[in-house]
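TrEMBL has this to say about the protein:
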COMPBIAS  212-224  compositional bias 'Basic and acidic residues'
DOMAIN    20-451  domain 'Major facilitator superfamily (MFS) profile'
REGION    208-240  region 'Disordered'
TRANSMEM  21-45  transmembrane segment
TRANSMEM  61-81  transmembrane segment
TRANSMEM  88-106  transmembrane segment
TRANSMEM  112-139  transmembrane segment
TRANSMEM  177-196  transmembrane segment
TRANSMEM  266-287  transmembrane segment
TRANSMEM  299-319  transmembrane segment
TRANSMEM  331-351  transmembrane segment
TRANSMEM  357-379  transmembrane segment
TRANSMEM  391-410  transmembrane segment
TRANSMEM  422-445  transmembrane segment
Amino acid sequence: MSQGGAGACEAAKPQDRGWAWVVLVAAVLLQGLTLGFSACIGVFFTDLQREFQASNSETSWFPSIMVAVLHGGGPLCSILVKRFGCRFAVMLGGLLSGVGMVSSSFCQSISQLYLTAGLITGLGSCFSFQAGVTVLGYYFVRWRTLANAMASTGVSLGFTLWPLLSQYLLDEMGWRNTFLIFGGILLNCCVCGAIMRPVQLVSGSLLQSPKPGEEPGKKAEEAQRSNGASSPHPELKQQPRRTTCFQMLQKYLAFDIFCQNKGYQIYTIGVTWMMMGFALPHVYLVPYAIQNGVEERRAALLISVIGLINIFVRPLTGLLSGHRVFTGRRIYLFSLAVLLCGLSNFICVISAEFRVLIIYCIILSIAMSGIGALTFQVLMDVVEMDRFSSALGLFTILESITLLIGPPLTGLLVDITRDFRYVFYNSTFFLISAALFMGLSFCALENKNKLKEASKVPLDNPSTYQYNEMPTELQSESQSPPAVMYITSI
């Protein structure tokens, strides 16, 4: 094992206890303030349409840009985390989010909202959210699955409270003053970021604090670079400059992992395709209910029902997926949740009565709990932890493309057909096809690896090959110490 891997194993000693749980509470609030915030946008959909005389497609660009930038700003967040640390990234994100929403309250056109609420607030939410997810991977090892599931309950809290607060403030003071208040609320991300102090690493018997963004093995790399700089051959000095662009892409976008790690490749493609349909109900459920005669307050309550059920189901999903039985099989649980999410959309097509929509929200929230609790845990399973930030950057920027174009294209279809049911038809198609692709592909990959492993066992000494040839993404978490599976080389 490399020096970076050994350092990471030693780093597990001060983790999973003490201040880690305070950071977890901050991560819960962060996810509620960032990911949960997008849940309330549907409440303003009809008012913004009337205010700016915009079509469904034009109005849907506003939440699409916000959510797409929230996910697609991953590489920028990776750079900030590596250079300045998670605390700085979270606090900068909180500042941008607050400024974006305050500016949105003064917008005079829908296109200005694209810039302020869409781009600025979305980018700020991205920095706060993704840095918060990354820091959990360093603060938790043994309880990482539970920590990710607990942090994702923040999204559930956001889904529950944001729509109710939005509808109340919208009725009392209009959307402009509501956006102004939201700007102040989002500034609380800065408070959460202040809590996330740098992780303490163990070197020998002494605790030392790494510089912000310092990675395991970085000192060894710097030593190699310094040795290269002292080389008498000038051509050796110029070689790193030629490869700077490639190294930057590899460091922050993880293209090397995407090409070499089949599990990461399948998962990234599957989630990217899934996002074409995943966000559609969140954007269009409230206007769909209002169009079919549901009162505005009751329509906003639908999103809150989804969030309320998520609060209780997500931790249970995290505990269930953390059981030893599901070690190496979480991707199948994730695929099952995506499949259920897609099938649940048929309920909306059958009827738009409030009671039927409540049933739909209950089933959808159960499926969403599985997706939310497992999305980043599965990613941590297939990628080693010291490259997680880079892998997360590529993962999120690819899915942001489909998140950006999905709602507007569906909105254009609704404008043409005047039928909101096509929203749920589209969502069903993308979710079910993505679930089948991921489940079947990982099953085929696992069978292929088993056959390859079986062919290597008879060579020389079987015990020599029993564990060393196992691919990173299929390693068992039951190995000791738990941190090893996240730091082995591809």
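Even glycines carry a Cβ here, placed using N, Cα and C.
Put simply, of 21-45, 61-81, 299-319, 357-379, the stretch with the most CB pairs closer than 8 A to the transmembrane segment (266-287) is 21-45. Here the transmembrane segment (331-351) does not touch the transmembrane segment (88-106). Their Cβ atoms form fewer than 3 pairs under 8 Å, with each pair 6 or more residues apart. Three or more CB pairs closer than 8 A are found between the transmembrane segment (177-196) and the transmembrane segment (88-106), so contact between the two stretches is assigned (pairs 6 or more residues apart). By the Cβ criterion (distance under 8 Å, sequence gap of 6 or more), the transmembrane segment (299-319) is counted as touching the transmembrane segment (21-45), at least 3 such pairs being found.
Outside the transmembrane segment (391-410), and at least 6 residues removed from its termini, the chain residues within Cβ reach (under 8 Å) are 57, 60-61, 63-65, 67-75, 77-78, 126, 130, 133-134, 252-255, 257-258, 264, 267-268, 271-273, 275-277, 279-280, 283-284, 376, 379, 383, 422-423, 426, 430. In the predicted model, residues of the domain 'Major facilitator superfamily (MFS) profile' (20-451) average a pLDDT of 81.
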